[in-house]
2 protein chains.
Amino acid sequence: MIKINHLNSCEEDFYVKLSKLLSFNSTEDKSIEQTVESILSDIKVQGDEALIKYTNQLDRINVKRSSELEIPKSKWLEALNSIPENQKKSLELSAARIRKYHEYQKIDTWQYTEDDGTTLGQKISAIDKVGLYVPGGKAAYPSSVLMNAIPAKVAGVPELIITSPTPDGYMNPLVLAAAAICEVDRILTIGGAQAIAALAYGTETIPQVDKIVGPGNAYVASAKKKVFGTVGIDMIAGPSEILIICDGKTPAEWIAMDLFSQAEHDELAQSILLCPDASFIKQVKIAIDKLLPEMPRQEILKKSLSNRGIMIHVKDLEEACDISNRIAPEHLEISIEDPNKILKLIKHAGAIFLGKFTSESLGDYCAGPNHVLPTSRTARFSSPLGVYDFQKRSSLINVSRTGAIKLGKIAVDLALGEGLQAHAASAQYRINGE
Amino acid sequence: MIKINHLNSCEEDFYVKLSKLLSFNSTEDKSIEQTVESILSDIKVQGDEALIKYTNQLDRINVKRSSELEIPKSKWLEALNSIPENQKKSLELSAARIRKYHEYQKIDTWQYTEDDGTTLGQKISAIDKVGLYVPGGKAAYPSSVLMNAIPAKVAGVPELIITSPTPDGYMNPLVLAAAAICEVDRILTIGGAQAIAALAYGTETIPQVDKIVGPGNAYVASAKKKVFGTVGIDMIAGPSEILIICDGKTPAEWIAMDLFSQAEHDELAQSILLCPDASFIKQVKIAIDKLLPEMPRQEILKKSLSNRGIMIHVKDLEEACDISNRIAPEHLEISIEDPNKILKLIKHAGAIFLGKFTSESLGDYCAGPNHVLPTSRTARFSSPLGVYDFQKRSSLINVSRTGAIKLGKIAVDLALGEGLQAHAASAQYRINGE
């Protein structure tokens, strides 16, 4: 029997215990930092030459020219036609649903004109060039290509470049197929910190991009942090989490499997169940023990469930919402009969899965919303990846002759109050006129 | 006569020269980093006690209890009534205009229902608790309080806390007045890295916030970077820049003063003029020499203009737009007769000031749009501070019984393709039903 942490919300030191179980060790590895720094500076200075050197060395391949680091579009289409028909169709259906959902997120340029003819507004434009990092090898995730590429394309990004390493020359055909479906613009077979450096600084053959998104290992994450400012980046994700609030009326095996579907990601992934029904929590534990031996990834499941899993017996569903708000989970399943009843109590969560038929896995792959979500309590202040991450805004200000007199007086007062006389004089010129 | 860098876009090495003039020295000071780290860890561990110790020491005051670190609302209102009537009125008029503009940025919760009853959407909510850092002393900027606090309040942030140091016990009454107008919730007299730490971790008397915004010195910037992840932060601003595209038909003195209004901020501030008319550039230089001796901040102006100022003689206005896009300026003045003619050529800029009557200073204080803007080429991927920085999104997914069958099949295919069997099983349960 697997032992999972069990808490009762009426214990006096409940929040102390909970906060211990939520924390995880995220010490930064100094040796990774140093390796990344020297890779970044080599690529910045030596460009393609260093890029080829690192790529050959780290991915165990033998490339002579930088042009060999690109996969031509014909190969993506070949891959799309080579994968099993059901997977191709599922990728296409999923892409269409993701596209439809994200269309709702698009915002448009707006402006308004005041009585005196002054016009104010906000111009929305897509980011020009975006790099999308896709981890390589056998554990490559085509769904992650869809979730990152589609919002960028919906935003209208004209140049979307995938970089993905090909260790020992292997490229996952599902990733190529997903890229073909998303109509990305280029695919480069580079990875690690060297790929991030090439995208951030540009080389002779790789253009400097404006933003880099996508998941990666510790080297990629460290490189992204270091180039932030030179280019934009998305959030650096922590371990994945699910929190399930259940009234005890969903089949216990469904809940057990939902907890598994988070825990199977990696050993640090966290699965939490909040339920007011003690006997249901027991049933879920029994289901876990029954189902675990059938699972191919049971070694990972055992470690993440026993170290990071938490079952919490709560007073009622309202208290469950309170506790959930403190945790601000990445994924929140409200597996209760009338989920909309308590939805208004939820303040912080990356994605909210409502009702017993909405398993997290449906959202991960094909419901439509993005699966790139804020982890580690950052849902308190950040949002799922979306079209808005690939759009930017410029303020528009066009002050009329009359408006300049009215606004100029205010600006002069405030600028002088702040001791900025040139600001005041510049406004005063417009009051005086030519 | 002041010597300002002069470039001609037809020179062969134009972009090399330009890029040298755009770069600035932003070396990180290791001693600041270390000081900040020890302050952060002291506040995290010792809370109020350490906060009082650092505050007394660094601001040269003598506070005994943490309750003395708060300025009651009555004092803000007192300040509002004590400042000169014209300044009070200008602050209020400016606040009303900023509020009106930012109302347009608000986004709302949306959702749609599919034929099978599946509902998808996005829930928008305000960030719960926000800290706003306001630099202290005589150089405090009330306009900065308006520009940061109003978007937060328009977004609906329920708890907005200003922290501002009071060196030698001095608090700028204009800052208090601006805070009163913006209806912030609390004002704490703490500053530096110790204020950032208190907001990020919370102490016995100061609540942990979810996001920290506002400008600050090198210690504040370093502390904000270090607590990012625990809380959200806004962009760390670089030196301020203005780029003016002029057709030579705006009075030369207006343009000279607009260049001053950027350069007067500090010695690293950058003012750039792009013009196809060589004789107009000469006139602007003459105007600069004539006006400079009258300016109270002439020492700063001389340094920033001679080290960082650039006059560029361009072929035509289209080329000016190209060059501007490479620079992606924080402030872009298009001081030409028909500015809308070339607006569509502009790709990247924080704020765009159109027409000769729209001096940057009008936008800085009272036109309505925000004056917190992306610097150092980050307008390629980021946006002015806005209501959207104080709102966050949660995905909503409510899959119907029928929808679970349709979506479940796609999810099973893709999950098995990625080797995530629990994801597949969890979807399969919903296909099978109870």
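Cβ atoms are placed via backbone N, Cα and C, with glycine included.
Note that this is a predicted model, so its numbers are computed, not measured.
Binding of Zn(2+) is attributed by TrEMBL to A:Gln262, A:His265, A:His423, and within the candidate set A:Asp322, A:Asp338, A:Asp364 the record adds A:Asp364 to that site. Going through A:Ser240, A:Ser383, A:Ser395 against TrEMBL, the one listed in the substrate site together with A:Gln262, A:His265, A:His331, A:Asp364, A:Glu418, A:His423 turns out to be A:Ser240. Each residue contributes its Cα atom, and for A:Glu418 (substrate binding site) and A:Gln194 (NAD(+) binding site) those atoms are 47 Å apart.
The binding-site residues near A:Glu330 (active site, proton acceptor), taking a 10 angstroms Cα-Cα threshold over the set A:Ser240, A:His265, A:His423, are A:Ser240.
Chain B comes within the C-beta cut-off of under 8 angstroms for the following of the recorded positions A:Asn217, A:Ser240, A:Glu330, A:Asp364, A:Glu418, A:His423: A:Asp364, A:Glu418, A:His423. When the Cα of A:His331 (active site, proton acceptor) is compared against those of the binding-site residues A:Tyr133, A:Asn217, A:Gln262, A:His423, the shortest separation belongs to A:Gln262.
With every protein chain in view, the residue among the binding-site residues A:Gln194, A:Asn217, A:Ser240, A:Gln262 whose Cβ has the most Cβ partners within 10 Å turns out to be A:Gln262.
Shown in sequence order, A:Ser143, A:Ser261, A:His371 are the residues of the chain, 6+ apart in sequence, with a C-beta less than 8 angstroms from the C-beta of A:Asp364 (substrate binding site).
In sequence order, A:Ala411, A:Ala415 are the residues of the chain that are 6 or more apart from A:His423 (substrate binding site) and have a CB within less than 8 Å of its CB. Here the recorded positions are A:His265, A:His331, and the one whose Cβ sees the fewest other Cβ atoms within 10 Å is A:His265.
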